[in-house]
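S.K.: I have a structure here, written as structure tokens, and I will follow up with some questions on it.
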Amino acid sequence: MNQFGEGDQAKVCLDIMHKTGAHLELSMAKDQGLSIMVSGKHDAVMKARKEIVSRLQTQASATVAIPKEHHRFVIGKSGEKLQELELKTATKIQIPRPEDPSNLIKISGTKEGLEKAKHEILLISAEQANSYTVSSVSAPSWLHRFIIGKKGQNLAKITQQMPKVHIEFTEGEDKITLEGPTKDVQIVQGQIEAIVTDLISRMDYTEISVDPKFHRHLIGKGGANINRIKELHKVSVRIPPDNEKSNLIRIEGDPQGVQEAKKELLELASRMENERTKDMIIEQRFHRAIIGQKGEKVKEIRDKFPEVIINFPDPAQKSDIVQLRGPRTEVEKCTKFMQKMVAEMVENSFSVSVPIFKQFHKNIIGKGGANIKKIREETNTKIDLPAENSNSEMIIITGKKANCEAAKNRILAIQKELANITEVEVSIPSKLHNSLIGSKGRFVRSIMEECGGVHIHFPTEGSGIDAVTIRGTAEEVEKAKKQLLSLAEEKQIKSHTVELRAKPEYHKFLIGKGGGNIRKVRDSTGARIIFPTADDKDQELITVIGTEEAVAEAQKELEALIKSLDNVVEDFMIVDPKHHRFFVARRGQVLRDIADEYGGVIVSFPRTATQSDKVTLKGAKDCVEAAKKRMLEMIEDLDAQVTMECVIPQKFHRSIMGPKGSRIQQITKDHNVQIKFPDRDDQEIRAGTLSYYNNALSTFAIKIMPKTVKEPADPLVPKKCDVIVLSGRKERCEAAVEALKALVPVSVAVEVPFELHRYIIGQKGSGIRKMMDEFEVNIQVPAHELQSDIISITGLASHLDRAKEGLLERVKELQAEQEDRALRSFKLTITVEPKYHPKIIGRKGAIITQIRNEHEVNIQFPEKNDENQDQITITGYEQNAVAARDAIQAIVDELEEMISEDITLDSKVHARIIGARGKGIRKIMDEFKVDVRFPQSGAADPNLVTVTGRPEHVDEAIDHLLNLEEEYVRTCYTLAPDMSSSEEFPSFGAPVTNARSSPWGPKRF
């Protein structure tokens, strides 16, 4: 191709060959023009020809005007005709879009191609002009959708008959455009004109103006209001969406229905214009209670006042304003109702805290929560107990004030019954209460701790009440009372407070053993000294309160003591090396105890290898002296120490040790002795009886003897595994031996009828476990196969009497329950015809449930497959069963007096009489005390209605129903187009007139 010297043209030709698949041959003509030979498949050649003309020949353009409705015929189906024209004429043809009003078609290409394309387009237009017609039918735009029908059903009937006719509806225009073959267009035009004429004669529309702010209220929740109006009046109502901001509502349908719907909508709008909005102030804490779980309670309020809209604020806003909107009178009624509800909630939200000693909480709860449940039910209060792992002793009672007080008294009575608890009231001027309580309750807490944990309750601040309540054991209450009165007297005379600081490690030394040191200061000065508790942030702060003179004197003594403690000295003492191990054993536990008790004094023992007897003490002078004195007492005890043996069979050792060794720990602490248990003999353990305790052994103050060789065969010689060794002063060891022997469990047999054993054991052993925990014993029930009546109780002698008494008490309860169960098992039957059974049961079982609850009986109706279908069985106490039978018989007697009458009611009014969700018919049945049954779908006579009741009631109900039928038929029924084809729109294609009367609106199947 380069021989022509036209490099660009050659490139264009190569590109066309690649794109179309055609073969191109180029040659130079005599007139120096370029000749191109195209060969290949027909489609490829045509495409290549078009490309060559458009890219290599000089281009021209022209326009041709044809009627707009002919453009689609130039385009053809899916644009095929247009593509064919472009290939045939080697031109580019541009047709304006449907929404463009222009009728000009633009053609681009060679001059020859332009003329050819123009000719073809005009030819197509001419063909259509001879056989194609565009016509229009005048039809109000509001009727268009009725002509089209639901989902285009009505229009589809026409287009199926005349598929070549194109029918176009333009929104907002009162005409319908028809395009197609002249003959077909004329037929379709006639059909549509007939439909329009019929619709205009039978239908009407109107527009009403309603403020857009009321539109959503007219629509109702979920469209309930507007759907009811549509269904009732058989009309279509168009309410503009919010974004249109239009106040025009359009109603279309039967003329009478349109007028009735218009009247009702205007009445609703007028009522809304007269509505009132009211803000109620309700504390936010009550909002959730008013709304209820899943909105159940607020739904009840809305059902009671359906015209009132209730809006609660978002919880995040923390607002107390609840908004009510609706008719003035209804809003006022709803406001009063809600105010009453809130008043009840306020009354029921009274709360009182009752301090109950922690050890008695389980007794307050009772077995399986029986006690607390009973108190809650009988006093109608909410009672909350602190968690088991909580340090709080407060039980909180919520409800009405009187009920809370009743519950409080009952709980306090339980505590008083369990322990020697007394309660006194002390009159202290209310102005002194805050100073007696102290910062964060420090002063009153120190009194409570010092007086054995008594409870001191001050009245609410600002109440003006002087009475202060003290509760606890009689002795401790009296002690606390004296201290409070003394402190109050000091405060009244002249209260003075001073704060001192001392290192926390000095506090124990300042307080002294059993509070001895601080008591001396208090007695000598008359001032009260308060040390920080473990919960206080400032652990160095010591507070002194009292008269100015007493505080000054106590301050002087304490400062002298603290100063002496700050004076660190170093001293030493001689301790025989044989006693060193005692002090440093168990990681220096004894030395740590000395340091804690004596102001953090440091005691250093020499290393074992040095064999030195010199022990160094370092700390405050007074602390060192006191610690040295204590250590000398300990050494004296060690020198006077004896070893004593106590023989107790090994099978009892674990029970003696107690849970985690707690009992042994207590004996070693109380008697200041060491106790060594022997190593276990596994064979002996297997041969003997296994202990009933399952707790691990603590290492505190317990040493295990090393394994011995063989046990002596002599029966008079105690076995090594039974010998417990005690070390300490003789008198202390003897007391400890007695304490150990008192811990040896003993057994007692109790006769309990075999048939009660399973009830004593309880579900999964819960009953017997509870008794064992409560009485701290082991209760062994014989195996079932033994059929034995003997139950064995094993435990401490001091616990056995209580356990036995408790077990026998439980037996009495079970026997009483058995007797009661036998009495409750009385059965009788009553014969009642099956047709009366549903009436005795009542709607959702309401009647039979009432009889069951009222007489506390069980009533069993026959199953479907039972032989005796007329037998009703009643089970319960004999007198209750007889009373329940009489109640059922009374219902049957009443039912037998009833009659049933059939009446004919037009089936078209059944739905109106029944009402939404059956409200209408229920009202009638309640008012006339009758039962009304409507025919089921598909019944032989759809108009047959049965009325059952007493003769006089049946006659009244029938008259009322017939009056309703006459009223509904007169006001709601008239002639209308056939509705069989759709839910919302009339259908066409059937005769326009219909002889029978039918409601205007969708036909329900």
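Any Cβ shown, glycine's included, is placed from N, Cα and C.
Here the structure is a predicted model, which means the values were calculated and not measured.
So TrEMBL has the following annotated:
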{"type": "DOMAIN", "residues": "58-126", "note": "domain 'K Homology'"}
{"type": "DOMAIN", "residues": "131-197", "note": "domain 'K Homology'"}
{"type": "DOMAIN", "residues": "202-270", "note": "domain 'K Homology'"}
{"type": "DOMAIN", "residues": "274-343", "note": "domain 'K Homology'"}
{"type": "DOMAIN", "residues": "348-416", "note": "domain 'K Homology'"}
{"type": "DOMAIN", "residues": "420-489", "note": "domain 'K Homology'"}
{"type": "DOMAIN", "residues": "494-563", "note": "domain 'K Homology'"}
{"type": "COILED", "residues": "544-571", "note": "coiled coil"}
{"type": "DOMAIN", "residues": "567-636", "note": "domain 'K Homology'"}
{"type": "DOMAIN", "residues": "640-745", "note": "domain 'K Homology'"}
{"type": "DOMAIN", "residues": "746-812", "note": "domain 'K Homology'"}
{"type": "DOMAIN", "residues": "824-893", "note": "domain 'K Homology'"}
{"type": "DOMAIN", "residues": "897-966", "note": "domain 'K Homology'"}
{"type": "REGION", "residues": "984-1005", "note": "region 'Disordered'"}
S.K.: Using Cβ atoms and a strict cutoff of less than 8 Å, what residues sit near the coiled coil (544-571) while being 6 or more residues removed from its termini?
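M.R.: Here the qualifying positions are 443, 487, 490, 493-500, 502-503, 506, 509-510, 517, 521-522, 524-530, 599, 616-625, 628.
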S.K.: Tally the residues of the domain 'K Homology' (824-893) by DSSP class, grouping H, G and I as helix, E and B as strand, and everything else as coil.
M.R.: 38 helix, 15 strand, 17 coil
S.K.: Tell me, what is the mean pLDDT of the domain 'K Homology' (274-343)?
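M.R.: It averages 85.
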S.K.: List the helix, strand and coil residue totals of the domain 'K Homology' (494-563) as derived from DSSP.
M.R.: 38 helix, 15 strand, 17 coil
S.K.: Taking DSSP states H, G and I as helix and E and B as strand, how many residues of the domain 'K Homology' (202-270) are helix, strand and coil?
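M.R.: Taking the domain 'K Homology' (202-270) as a whole: 41 helix, 16 strand, 12 coil.
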